[in-house]
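Per Swiss-Prot, the features are:
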type: ACT_SITE; residues: Asp144; note: active site
type: BINDING; residues: Glu69, Glu94, Asp121, Asp144; note: S-adenosyl-L-methionine binding site
type: BINDING; residues: Lys148, Asp180, Thr217, Lys218, Phe219, Glu220; note: substrate binding site
type: REGION; residues: 150-155; note: region 'Interaction with RNA'
Amino acid sequence: MINDVISPEFDENGRAMRRIRSFVRRQGRLTKGQQLALDNYWPVMGVEYQPTPVDFTALFGREAPVVLEIGFGMGTSLVTMAASNPQQNFLGIEVHSPGVGACLASAHEAGLNNLRVMCHDAVEVLENMIPDSSLDMVQLFFPDPWHKARHNKRRIVQAPFVELVKSKLKVGGVFHMATDWQHYAEHMLEVMSGANGYRNLSEQNDYVPRPDSRPLTKFELRGQRLGHGVWDLMFERKE
């Protein structure tokens, strides 16, 4: 599973220079069902990008904890979580329109009213649309590991990005990551352990067991049968 976001490159002073994409945009062909969902359900559940902070109470029509998922793929897990947690509001970001269409179709079939989706650069959304200290959780599941050394800078989990995420989390909010690439898990752990203002929720200060809140995907189950590992990391904003 490859999730899709955009990661900026920063200089030594933390200034954004040019954007390094952590994905290759391959839109693919929309199925009839995906196109139908985009046509019919985007006006209800879709959120257009705008460079101004969003009002979550107005967006969802109620006040409730907000969970942001970055790169939801086809939306299977996101829809499952939203259906299982009606007391929470969910906002998903995905740059590939077939995935957005599939998610909208599943969400409509499930009768969800606590889910909204965006089709845009996740970093821009975080920077410009998400109010500071507004999120209860940020989820990043199975992002592209960019396993070749020359591509490591494309990985979304870098020090400036985790600082940006922290600024959007409430104190006590959690950044939850999962990957099936051990080297990327080690990279995530190194970056997060070096970031100020986070507390690792692992008792051993490394990885946590998969929480029940993160559904097992078909992809993950297949990997387990093949003996592949999966690493979950959960870090709480403490200040």
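Just so it is clear, glycine is given a Cβ too, placed from its N, Cα and C backbone atoms.
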- Going by DSSP, give the three-state secondary structure for Glu94 (S-adenosyl-L-methionine binding site). coil
- Item | Among Glu69, Asp144, Glu220, the one of these recorded positions whose Cβ has the fewest neighbouring Cβ atoms within 10 Å | Glu220
- Per the record, S-adenosyl-L-methionine is bound by Glu69, Glu94, Asp121, Asp144: how many Å separate the farthest pair of Cα atoms? 15
- Neighbour tally for Asp121 (S-adenosyl-L-methionine binding site), based on other Cβ positions within 10 Å of its Cβ: 20
- Message: Counting other Cβ atoms within 10 Å of each residue's Cβ, which of the binding-site residues Glu94, Asp180 comes out lowest?
- Response: Asp180
- Have a look around Lys218 (substrate binding site) and count the other CB atoms within 10 A of its CB, chains all included. 9
- Task: Would you report the average pLDDT that the model assigns to the region 'Interaction with RNA' (150-155)?
- Result: 68
- Message: I want to verify one value. Collapsing DSSP to three states, which class is Thr217 (substrate binding site)?
- Response: coil
- Note on the structure: Taking only the CA atoms, the spacing between Asp121 (S-adenosyl-L-methionine binding site) and Asp180 (substrate binding site), expressed in whole angstrom, is 23
